[in-house]
């Protein structure tokens, strides 16, 4: 939930993924259920096309190959969700980039040249910050902060073990008769786990940097199995010869986990609050020099005494422009079009070096400077 209030796609991708997988697993596929699968996959694909495809592949394979889930409605729902989410992306690819291949090439360049690699160490590094590790060469892994990467697989494994044991008990109960067909808890957890790993694989094997939010859909899909793992550990502990000792150990483990994670969350929340405060301070300086006038709507800045303004810069252009009531400049814009440049620890380009320069005081991150076009 750390990213839920941010204008980033990963939280919405995670919610769409959980909804799509959960509804896919329902034994009876009604029109409403199929519509939910379409909607969840469409949301995930619209937000992150690569995540949507990685999620759709195991679902489509399950709908085609696994007898329990083999049905025309599931296949059509998965294909419909992928198509509905990918269509706007494809249209934009031809409208702005000249085609799908050109857009994929441009995306690879922006992401630092996607290629086969192993970035697991980078994902271990970002567990204690920075929230965007790009590049990650100057940071190191703190084993204590990376304990989540050890705890989560253990809990998922315990959850799978517990539902497998439950399946064995069910088969014993049905000896002499056939069990009712349908989605068993084991099959459901296995498919969710496979889908989670499928979504994580591109980030671990292709992207040369890391951020915790990249794996939000993976964590969301693994949560049910991990929760079952927690319940299984509690049940095993209660059934042991010394349940008090076992429950105390589990309580200490939970306290240790919170002791590691809560300070990290508090620290990173403070960093984000400071960064957002800087945007407001930059906007104040812009307003003092006649640029902007308040946050804008989806179509145009709020009405005021100043005409619409355009900002460009080297960092955080979109949020600063929103707070200032301006439009963010695009890479293809003419170089002299922006009303102002917002730079941090950077010199202006040659065509803007004569523009009036205004420092932004009292910022959380130093080095903010505004250059206003005369």
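Each Cβ is built from the backbone N, Cα and C atoms, and glycine gets one as well.
Looking at 119-141, 188-210, 257-279, the range tied to transmembrane segment in TrEMBL is 188-210. Among the ranges 148-167, 168-187, 288-307, the stretch that TrEMBL annotates as transmembrane segment is 148-167. Of the candidate ranges 7-25, 26-44, 216-234, TrEMBL annotates residues 216-234 with the feature transmembrane segment.
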